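A.B. asks: Following this message is one structure expressed as structure tokens.
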Amino acid sequence: MATFAELVLSTSRCTCPCRSFTRKPLIRPPLSGLRLPGDTKPLFRSGLGRISVSRRFLTAVARAESDQLGDDDHSKGIDRIHNLQNVEDKQKKASQLKKRVIFGIGIGLPVGCVVLAGGWVFTVALASSVFIGSREYFELVRSRGIAKGMTPPPRYVSRVCSVICALMPILTLYFGNIDILVTSAAFVVAIALLVQRGSPRFAQLSSTMFGLFYCGYLPSFWVKLRCGLAAPALNTGIGRTWPILLGGQAHWTVGLVATLISFSGVIATDTFAFLGGKTFGRTPLTSISPKKTWEGTIVGLVGCIAITILLSKYLSWPQSLFSSVAFGFLNFFGSVFGDLTESMIKRDAGVKDSGSLIPGHGGILDRVDSYIFTGALAYSFIKTSLKLYGV
């Protein structure tokens, strides 16, 4: 296709046979600017001005066309780069999702076996997770994002608190009630912070006390729930066919059934909230976690209650439908509140994950944050609101 400059050049020439085309020189004659005394006009007129204007016009048009072609090529190059980046991002997300699913299944199966085993197996596994999670918590407290505006507790205090947190589930299994022990431990840690060298800070005390409560005391309620509620779930059908070598029907207690339903409710909340947010997510839930949406949260609530009702019908616990709905709502609330709490800590710390222990998932806290408050809510609900523990 001819360019605009070529069209202008072709139309500027006369092809009529009545006269021949004569090319005028582009160099101005020497006499073209000669003037007589008193005259304001030159003796000879030339078409140089008209020709110069035409040349400038054609040059500008040609340059504009070349620039336009260059811009088009540049835009195509940018689009090509963006397309490659989008493909790489999709492949990366698909790889991360695949890794999360593989490690999620690899972790979920052993955890299910640990919950079924109960007793010391469950308690020791929980204590190990608590120890690692508490170490991650105190590392978050010492990170640049949080430590920038406060003075973190000394490292020896953080290590002592991690050990105390790990001992809480074990002491709960042995003594049942550890309120006095936890209070005594918190008092000793507070004294150690107050008599340290230098200038003690309130931020050190508050972050340490919260660490003991968040990483140690709250997870201990899972031991109370799984091992403390030893009343048999008499109406559970699966208990009748359970092998005698594994405990028989007596193995299926209220604590075991409630723990399985709570774990399943937390998993359902995370799964349905993720799928609902991807499909319907429009309205942000909170600035703490920008990726969470109200639509995904509502879908997570519906999914959690639905799974709780289905499992309660299958396991015949609790007997009341209203109790099943209330239990599902508490599991949902504990899951969301625990997730947002850890998101707030990580946001202040300026990190994406609490650690890198689990590929594709982050640290221990990133996986158990939804369970931290749920155990306490589930245990309190069964102890205070269900007659005969819902049997």
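Glycine is no exception: its Cβ is also placed from the backbone N, Cα and C atoms.
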A.B. asks: In Swiss-Prot, which of 48-68, 321-341, 363-383 is labelled transmembrane segment?
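C.D. replies: In Swiss-Prot, the transmembrane segment feature sits at 321-341.
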A.B. asks: Who are the chain neighbours of the transmembrane segment (202-222) in space, where the CB to CB distance is under 8 Å and they lie at least 6 residues beyond its ends?
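C.D. replies: Residues packing against the transmembrane segment (202-222) from afar: 122, 126, 129-130, 133-134, 137-138, 141, 146, 150-154, 157-158, 161-162, 164-166, 168-169, 171-172, 178, 182, 185-186, 189-190, 193-194, 259, 341, 368, 371-373, 375-376, 378-380.
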